[in-house]
Amino acid sequence: MSGFIQAAKSLLLLEFVSAFFLAMRQFFSPKPTINYPYEKGFVSQRFRGEHALRRYPNGEERCIACKLCEAICPAQAITIEAGPRRNDGTRRTVRYDIDMVKCIYCGFCQEACPVEAIVEGPNFEFATETREELYYDKEKLLMNGDRWEREIARNILMDAPYR
């Protein structure tokens, strides 16, 4: 009897017809994708995107040249040169470079920073035409921080209970 049923299924192409109807049902269903350049999807506050150096509200840069981010970076993508000590005993960076080609976006630099100076912001659209444009210097990082400060501060505030 089972041989007869198997022959009937083969003759009527039952698997083919059921697969065809499944494909047609999926073809005419609403698509879950978004039209990317024109529509933006949700980005988590914990998203790790383009790096930025932050400033204090008075305009002074936050980085105290402790070099913890440089020491903890597994890809060795961060290079820092510290300036001389100032009268108040603090130091600031003379040079702060990140090689974004080497960076693996692990977030260790952000976690290690005691003053929340280096952060990974919400920007994920930073494609370049040349490799040299992915070597970020201090000015580029400070410019990113100024551009994304509102979003960065909001994300840090929302993430604070989990740290």
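Any Cβ shown, glycine's included, is placed from N, Cα and C.
Residues annotated as domain '4Fe-4S ferredoxin-type 1' in Swiss-Prot: 53-83. The [4Fe-4S] cluster 1 binding site feature in Swiss-Prot is assigned to CYS63, CYS66, CYS69, CYS113; the stated evidence is sequence analysis. Per Swiss-Prot, the feature [4Fe-4S] cluster 2 binding site maps to CYS73, CYS103, CYS106, CYS109; the stated evidence is sequence analysis. Here Swiss-Prot flags 94-123 as domain '4Fe-4S ferredoxin-type 2', drawing on sequence analysis.
Structure with Swiss-Prot features highlighted.
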{"residue": "CYS63", "record": "[4Fe-4S] cluster 1 binding site", "Cβ contacts under 8 Å, 6 or more apart": "LEU53, ARG92, THR93, TYR96, VAL115, ALA117, ILE118"}
{"residue": "CYS66", "record": "[4Fe-4S] cluster 1 binding site", "Cβ contacts under 8 Å, 6 or more apart": "PRO114"}
{"residue": "CYS69", "record": "[4Fe-4S] cluster 1 binding site", "Cβ contacts under 8 Å, 6 or more apart": "ILE78, ILE80, PHE108, CYS109, GLN110, ALA112, CYS113, ILE118"}
{"residue": "CYS73", "record": "[4Fe-4S] cluster 2 binding site", "Cβ contacts under 8 Å, 6 or more apart": "PHE108, CYS109"}
{"residue": "CYS103", "record": "[4Fe-4S] cluster 2 binding site", "Cβ contacts under 8 Å, 6 or more apart": "HIS51, ALA75, ALA77"}
{"residue": "CYS106", "record": "[4Fe-4S] cluster 2 binding site", "Cβ contacts under 8 Å, 6 or more apart": "ARG48, PRO74, ALA75"}
Self-check item: Residues in the domain '4Fe-4S ferredoxin-type 1' (53-83) grouped by DSSP into helix, strand and remaining coil
Solution: 5 helix, 8 strand, 18 coil
Practice problem: Pull the DSSP breakdown for the domain '4Fe-4S ferredoxin-type 2' (94-123) and write it out as helix, strand, coil residue counts. | Solution: 5 helix, 9 strand, 16 coil
Quiz item: Taking CYS109, CYS113 as the binding-site residues to compare, which has the smallest set of other Cβ atoms within 10 Å?
Solution: CYS113
